[in-house]
Amino acid sequence: MSQSRYFFTSESVSEGHPDKVSDQISDAVLDEFIRQDPDSRVACETFVTTGQVIVGGEVTTKGVVDVQTIARKVITEIGYTKGEYMFDAHSCGVLSALHSQSPDINRGVDRKEEISDELDRVGAGDQGMMFGYACTETPELMPAALQFAQQLVKKLAEIRKEGKIMTYLRPDAKSQVTLEYVDEQVKRVDAVVVSTQHDPEPEGVSEAEWQAVIKKDIIENVINVVIPAALLDEKTKLHINPTGRFVIGGPHGDTGLTGRKIIVDTYGGAAPHGGGAFSGKDPSKVDRSAAYASRHVAKNIVAAGLADKCTVQVSYAIGVAQPVSIYINTHGTAKHGLTDAEIQEKAEVIFDLRPASIIKRFGLNKPEGWCYQETAAYGHFGRENFPWERTEKVEELKKALNVA
């Protein structure tokens with residue numbers, strides 16, 4: 001019997017990537033609005049470029065937020081603190097263009113007087129479809145290529161912030177991992193790409209010599225630490241700063257915008273995406289809250305041993321609390337003789353996917369032990385401190401489906 005063999009690739013970017021700088025500022029602004037007023041309605045977009053930050057969007061809130069202070073704090077935490085970066089927390093301009101939300105939208109989302117059931121009083125903030133996914137490739141029940149890619153850039157940031165080794169590192173970085181699969185199982189890492197911003201070569205050191213130092217350091221201190229040795233072999237291709245010099249980066253090298261890294265934020269291309277970004281959006285926006293809830297459903301189904309893979313789609317109409325549709329696909333991996341229809345029937349009963357129920361279940365308007373800014377770099381999923389990663393519905397699912 002012939003084996004099925006294929007390659008699959010996912011990428012990630014560091015917290016210093018310009019689009020991620022934007023995401024983190026947007027979510028930090030959201031965090032402060034939510035802290036002051038848990039019922040805030042926020043749609044916050046951020047634009048960053050050479051020496052400039054613009055924060056705009058629509059807000060309905062009782063809170064008052066100092067956008068300048070928040071933006072500079074985030075930029076400082078990321079590490080853009082030197083004038084030579086041409087984007088510096090202390091000297092960049094910060095313009096706030098936040099304004100009030102359309103009352104037409106607000107009327108459809110908050111309907112307190114009209115409806116008796118409080119969980120039906122919050123309608124979806126917009127129409128759209130959202131996806132959740134889980135698989136058995138990693139302990140976090142996430143796709144392996146994405147997890148490795150996220151860990152590579154996260155490790156780079158940790159090394160940079162510790163400041164003990166590789167002191168030439170600057171905040172902007174990207175990673176990409178290609179895995180080889182045989183019969184649906186990860187066999188090996190076929191290729192790794194790491195591009196990191198760095199200081200100019202020291203005086204008397206050629207560009208080629210400097211890149212050789214950087215390549216050696218990244219292989220030893222990043223790739224070999226993150227990627228299991230059993231998955232690396234002599235055929236694995238390692239591309240470190242493949243274009244060579246990477247001194248100019250961050251918002252000076254490329255303009256950043258909120259919501260442009262939606263595949264990095266989710267499943268690395270292993271699952272569909274409804275198209276709606278997360279950062280800067282309060283939890284009444286189902287682009288965010290329903291994507292979190294869909295991951296929760298998929299993860300509990302896989303954690304319960306009902307399937308090895310699970311994709312969940314949910315869709316909404318603006319102003320309507322109940323989902324328009326729910327769809328579950330286990331990609332032929334369902335176990336115990338179960339069908340997708342049987343799993344879906346029970347899941348629809350066990351998981352309440354009305355926006356108000358999602359917000360209440362995960363504490364999305366009163367985060368405890370986490371904040372939205374944390375989600376804005378290194379992925380919204382596969383990180384155990386987020387409440388939508390809990391697997392507390394496993395036993396209920398198994399009981400409902402008569403699975404031991």
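Just so you know, the numbers here start at 1 and follow the chain as drawn.
Glycine too: its Cβ is placed from the backbone N, Cα and C atoms.
Marked as compositional bias 'Polar residues' by Swiss-Prot: 1-13. Sequence-remote contacts of a segment are chain residues at least 6 beyond its ends whose Cβ falls under 8 Å from one of its Cβ atoms, and for the compositional bias 'Polar residues' (1-13) they are 19-20, 143, 145-146, 148-150, 152-153, 173-184, 190-191, 193, 261, 263-264, 268-270, 378-379.
Marked as region 'Disordered' by Swiss-Prot: 1-21.
In this structure, D254 (ATP binding site) belongs to neither helix nor strand by DSSP; it is coil. Under 8 Å, Cβ to Cβ, and six or more positions away along its own chain, D254 (ATP binding site) finds P18. Per Swiss-Prot, the feature ATP binding site maps to H17, D172, A173, K174, R245, F246, D254, R260, K261, A277, K281; the stated evidence is sequence analysis.
D19 (Mg(2+) binding site) falls within a helical segment according to DSSP. All protein chains shown were included, and the count of other CB atoms within 10 Å of the CB of D19 (Mg(2+) binding site) stands at 23. Swiss-Prot lists D19 with the feature Mg(2+) binding site, giving sequence analysis as the kind of evidence.
Annotated K(+) binding site per Swiss-Prot: E45, in sequence order. Under DSSP, E45 (K(+) binding site) is assigned to a strand (E or B) in the three-state scheme. Residues near E45 (K(+) binding site) in space but far in sequence (CB under 8 A, at least 6 apart, same chain), listed by position: S22, S26, V55, G56, G57, L257, T258, G259, G280.
The annotation L-methionine binding site is assigned in Swiss-Prot to E58, Q101, D254, K285 on the grounds of sequence analysis. Its own atom aside, the Cβ of Q101 (L-methionine binding site) has 18 Cβ atoms within 10 angstroms in the protein chains shown.
The region 'Flexible loop' annotation in Swiss-Prot covers 101-111 and is backed by sequence analysis.
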Looking only at C-alpha atoms, tell me how far H17 (ATP binding site) is from Q101 (L-methionine binding site), rounded to the nearest Å. 29
For Q101 (L-methionine binding site), name the DSSP secondary structure in the helix/strand/coil scheme. coil
Could you check which of the binding-site residues (D19, K261, K281) sits closest to E58 (L-methionine binding site), going Cα to Cα? K281
Out of the binding-site residues A173, R245, K261, K285, give me the one sitting nearest to D19 (Mg(2+) binding site) by CA distance. K261
Under a three-state reading of DSSP, tell me whether A173 (ATP binding site) is helix, strand or coil. strand
Distance, K261 (ATP binding site) to K285 (L-methionine binding site) (CA atoms, angstrom): 18
Confidence summary for the region 'Flexible loop' (101-111), mean pLDDT rounded: 64
